[in-house]
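Notes to accompany the following structure.
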Amino acid sequence: MSTSTLINKAQTNSCGDVGVVDLLKRKVYDDTVKTMQGLDRRAKYRLNQCLGPEQCRTVRGGYPEFQIEFTGASNTSHAMAAGLRGLELEYLYTLVPYGAVSYDIGGNFPAHMMKGRSYVHCCNPALDARDLARNENYRISIENYLSRFEDKSGDYCQWQRKKPKVSKPLPRYQKACFDRYNEDPEHVTCSETFEKCRISPPAERDDIYATSLHSLYDIPYQNLGPALARKRIKVLHAAFHFSEDLLLGASEGLLTQIGGTFQRNGDVLTFSFLDESSLIYTHSFRNVFEYVTRTFFVACNRYAYMKEFRSRRVDTVFCSFIRIDTYCLYRSVFKDCDEHVFAAMDDAWEFKKKRVMLEASRPIFNDVAQFNVYFPNAKDKVCLPIFAVKSVSGAPVTTRHILVEKDFYWTALNHILTYPDGKADFRGVMSFLESIRSRVVINGTTTASQWEVDKSQLKDIALSLLLIAKLEKLKISVIEKRIKIERQGLVSLLKEFLHGLLDEYTQTMAEWVVEKGWVKSVDQVLQVTIPDLVLNFRDHFRCEFRTSANVSEVNVSEHLVATNEYYAKVSDLVDRNPTLAFDFEKFQDYCEKLGVDIDTVTELIDAISTGRAGITLDHTDDKEEQLPRTLAGSSSYLEEEPSDDLVCLSDKAIVNRSTILGELKNNVVIFEGTLPKNSVFVSAPDDPSVTIELSELHARPVSDFLSMQKPVNIVYTGEVQICQMQNYLDYLSASLVACISNLKKYLQDQWLNPGEKFQKIGVWDNLNNKWIVVPQKKKYAWGLAADVDGNQKTVILNYDEHGMPILEKSYVRLVVSTDTYLFTVVSMLGYLRHLDQKKPTATITLVDGVPGCGKTQEILSRFDANSDLILVQGREACEMIRRRANDNVPGSATKENVRTFDSFVMNRKPGKFKTLWVDEGLMVHPGLINFCINISCVSSVYIFGDRKQIPFINRVMNFSIPDNLAKLYYDEIVSRDTTKRCPLDVTHFLNSVYEKRVMSYSNVQRSLECKMISGKAKINDYRSILAEGKLLTFTQEDKEYLLKAGFKDVNTVHEAQGETYRDVNLIRVTATPLTIVSAGSPHVTVALSRHTNRFVYYTVVPDVVMTTVQKTQCVSNFLLDMYAVAYTQKXQLQISPFYTHDIPFVETNKVGQISDLQYFYDSWLPGNSFVQNNHDQWSIISSDINLHSEAVRLDMNKRHIPRTKGEFLRPLLNTAVEPPRIPGLLENLLALIKRNFNAPDLAGQLDYDFLSRKVCDGFFGKLLPPDVEASELLRLPVDHMYSVQNFDDWLNKQEPGVVGQLANWDHIGMPAADQYRHMIKRTPKAKLDLSIQSEYPALQTIVYHSKHVNAVFGPIFSCLTERLLSVVDPLRFKFFTRTTPADLEFFFRDMVVGDMEILELDISKYDKSQNKFHFEVEMRIWEMLGIDKYIEKVWENGHRKTHLRDYTAGIKTVIEYQRKSGDVTTFIGNTIIIAACLCSILPMEKVFKAGFCGDDSIIYLPRNLLYPDIQSVSNNMWNFEAKLFKKLHGYFCGRYXLRNGRYLRLLPDPLKIITKLGCKAIKDWDHLEEFRISMFDMACEYKNCFGFDVLESAVKESFPKAEGCNVAFCAIYKFLSNKYLFRTLFSDV
């Protein structure tokens, strides 16, 4: 029953249940998708010959294993056969194991070299002149290929001689082949026949194969077996042509599919093509006949080769000759020689004497080769004899055979047998046959004949059928009757019976029938034999058996060993230089070109980096850089050797206050004192007397805390350790100030709905005794409260029996956060402020140990419970040490001698200690360690840590800790170089990280694995596996995602430092590049060294961890030597200045086809064009799906959507453009979850008010021209902002529908600014990467206000935007709004001169990443421009907590502080934020040019400027998942900024244009024309082809595999400029 019948039947039974029908249709679609996915995984083959559509279908049907691309780039004779020859070769080598020694008999060795098959030897004997020409063509093809890699300039190619210059290296996979051919061409190709080939296979190899592509005819069949055995060939895979007509006695056999023909003249068999008379190949028919009919080919007295048929494809027969060991035959097949002779004697009457003797000498394999197996054209046909006689009477009758359909034969014969004896003549039979093969007319309708019979053979068939019918009648008449023939001979009897059949030929025919043995007399009995109608081919093969042998098994151990040793040398080089960017292929080619090994080059790089080679890479004399470099230098107290390249101050040097202030040019505070040698330290408080005690915390005004705010850059002087202690106090102050400032902002916000949740805070309504915002935890230690007068004070909290806070009645509201859960910061700051800041007198020893070296075990073994103290950072580590210590000595570890740092400072207890032991001390601020040393009064301190693991991390973003003060001071350092935890492969990695030799006691050799997952949702598929190990993540965002997904016991890598686990599963579900996941990052070192047995890395994107794991998997099982880490510095090319002129115009040629566009797209984004996404939405709707969502209210009545199929034009260009989707509950919810609910949380602790104002000042200070300084000049007059003229100007720009909606507005009250509507764009954004192949893209969400809200705020922000654009420096900065692409090109026109650095900051989830800090920054900028306070407050209330309603999908939810994609400040607000972000990071006052557009940006900077890590600051301060690109060609607003000599052009991205040409949302032809016009308006610059070469280089900079660029650029202009040609890109469905 068909699928459509099932669907219709199910629809009838379900009374029109659409769901059941959709499920059945879904089943059909799923099966289709699985089939298409399987087909897409096939090997790809490009066939260049020009073939017709029917030929293309034939080739595809004959080779379904390949995904064939027909380019039609070559128009040659016998194109079908020529194109198939390469395809047949690739098919043969799919049967040969990769890397196995192989002989290609008569093979095309250039084809093997291009494919990188260095394990193939080709035998190319010159048996005739055509072979000589073919071999010469092989060598010419190699020269043509090598010329592609040579310089094409005329300087190297001259008439007199050619001086080739290689401009690029060969591909890596071909290098081994060309090396082999260069060293010894005889090993690649020889001029001997295969039987006499002198190239022997390696003695140790037994995986030896051979192939024969149309070359088997020239090897005598009796020599094939011995020749294969001499080379120890295991299997010979062969392909050859043959026609079954030749076996039937025909002199000609046609191969219609390839246009070939066989001609036979005796034993001479010639092959040629119908359309090519010059190509004629001559063979021996007997030799070819033996290859076709034989089954076994004897090699020696033991081995033979059995022919096994594989398939027949497009007139080509494929078979395999498999070596068999006759000694392995079962013993029951043995017979004596006499038995062989006797068994064959019975067949002597049918076969010749020679055949009998040959049968007796062969093995007793009675195998049968069926005729219709080898030749499928003979299936269901019979072999009919055709008789012919000469015109001269008495001449003999000749016979040949043809194939006719069996049904036709029996139908005709049975009908002829019904004729009476007197009426069975040739004319009647001929008339009948003509009638049954002709077309007939039945009821006015022409009906084709059931059988196809050649008209030219019809008369011969009639004659044969008449003769066979006569014989059948004769047999029937004499059956079971004895006939006496004494008086009449057999011939005369037949002559009488056949009288009238052939008239004068009756005598001759009767004699011929008797001679053939069809009619004979045996014992006076007439026997009539009808010839067999189906031919059978048998080849009996017999020999003697004397010994036996066992079948050898396949050995795979060598493959495993080779895998371990692969790339060992290259891995060693990269491990020693993890910070260098190596292109392995280019680096290897460079080393081989110089003739040096990789070890020598590595030593040279190391010597240059360390200075041992006497070469200095870095020279700078810029005075502006000297002070920052000095401040960034390391102290002699912290380094084992002094740094010679720093600016040094003499010991006890006098500080010149004015000089330092002049250098810094910022808010810098200097304290008198002395500077230690080789050190300058930064930071000190303004007023050391301002302190906050814990006892004074209650009812303390907020102003007391805010007065503790410190300048950003503060200089400390004095002893190193004292400066560290002062810096730690300022760090605590900054943390407390940031906390209070944020609580103040939350306290001033308006909260309407009780019981909601917001970020990590809680808001208590003291008047109504309930939580307005429910906190995550209970019983916070303190908070910030506001009284009835609006005064804000800190309060210490108490709670009732129900866990509710108890406050005085004078307070109306309270706010708490995760930072107020404990008194940690307040208590520590209050106590440490009163301590004397003196240099510790204890001896400090740093025990620097590698991961797993037993640092904690050493502490416990040396710890004296009566006199020592152990301090650790976290509570979990503290409990672990107490447990382990008490397991050894019960009661030794107590809460008095094993404590955390916070507990030791806050809960001070009397007593002194002798020795202080600190575990993982390098994760603690050095100032806190110095304080604890003084408090504990110890005489010796042992700090255990690892300088290569994660150090102390500053969590307060508006406070800086100089690198000098972040390093620990110590008197002595002791190393621990042997790990007890890490397996051997991890130890190998550690040797690339540490400068010392690392060894391991572990007996686990290999433990590292990595797995790529297609998306973060796929991590749920590994839930059962992940339950068996510790779960770690790099970021808190990934940790929160796993916890929301239901995973338990998840920690970050930072939290797990110092811990040990048996199995570790490290998970990364964030695709954005992370600073902590990079080469040399301590987070990577910690992540890879936490386990003892097994480590598995699950990641959605390849990164340095995955690369490290893969490299480690390739090394051998022993530890490698250790080397130092080397650094290098890249040099920049200098560009000479030149003059600018108008851009020349060169009209673009209108060339190129649709196939050129498709080829360009496929080379850029391979695989995207094969994505079948027409039914993806219905797959999502009809499948089970698990979603992790925030709080949301759903109307389940909206879950069903009508499946209406829109009528759209079908694009002929296949791109990854999604078809339009129908909005619905699931679709809209999925978009909401993947976009609005998937906002990153990367930022650290920020003081929103302080930092927003600082960023605002920097924004205007850097973007405004020098003549605009006073803030009063920025402010817009209020009268103009709220004027009627301003509103009219805004209203005139709106659509008529908007005006109609506003006409019904009553203008009573302010519309609700926090109420938004939610919808989705029906057409997803086109993907310009490969994610479409494995990910269902979510639709873009639109969150928009009503038109009433826009009418209030639209004119205001429009006026403010105009003011902002008018004050920004127009010569250096461009906000791409209210401008044209021509204006943008004019702005960047002078960027062709100068040595500059081009920076692009690409941010994912830009709108959704914006939080309270971004909103504060934007509002500060609007304040500077003059926005009204009331309007600002209303706008803030509408964005802090947004209520979304999706009426189409039935969704209601609330989101916090995200950029709304549909309000009046969406575009300009995004543009302001990206500009402010870059102004806070980069020295924008020094830029040449900068452009901003939404989330897009481009900056032209001078080279060698100092600026912080942009990606890190974007993550930690701005909460952006950012990627920084430094390229030769800029990219801005979807256009490439191309610098071509003296000119600069902005050309649209060709990939975006070609992708849009595959649009699946075109309704009709009129819509298509509108679409073309809009596309041509965008890409009209393509009419000028000047600069296309630069555009190609810019494209290949991002996508190196892009091919066919110039033709594609011309094709874009060709189709877009002609509406008739553009219509050919689409078809009407």
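Positions of Cβ are set from backbone N, Cα and C atoms, glycine also.
Under the three-state DSSP scheme, P851 (ATP binding site) falls in the coil class. The ATP binding site feature in Swiss-Prot is assigned to G849, V850, P851, G852, C853, G854, K855, T856; the stated evidence is sequence analysis.
Feature annotation from Swiss-Prot assigns domain 'Alphavirus-like MT' to 69-292; the stated evidence is sequence analysis.
Feature annotation from Swiss-Prot assigns domain '(+)RNA virus helicase ATP-binding' to 821-976.
Residues or ranges marked as domain '(+)RNA virus helicase C-terminal' in Swiss-Prot: 977-1130.
Under the heading domain 'RdRp catalytic', Swiss-Prot lists 1396-1509.
This prediction places the mean pLDDT of the region 'Methyltransferase' (48-473) at 78. Among the features that Swiss-Prot reports, region 'Methyltransferase' is placed at 48-473.
Swiss-Prot lists 845-1099 with the feature region 'Helicase'.
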The domain 'RdRp catalytic' (1396-1509) - residue tally per DSSP class, helix then strand then coil: 49 helix, 34 strand, 31 coil
Among G849, P851, G854, the most crowded of the binding-site residues [Cβ within 10 Å]: P851
Cβ atoms near T856 (ATP binding site) (within 10 Å, other residues, all chains): 22
Cβ-centroid neighbourhood (8 Å) of the ATP site, G849, V850, P851, G852, C853, G854, K855, T856 excluded: D946, R976, T979, K980, R981
Least surrounded among the binding-site residues, given as V850, C853, when other CB atoms within 10 Å are counted: C853
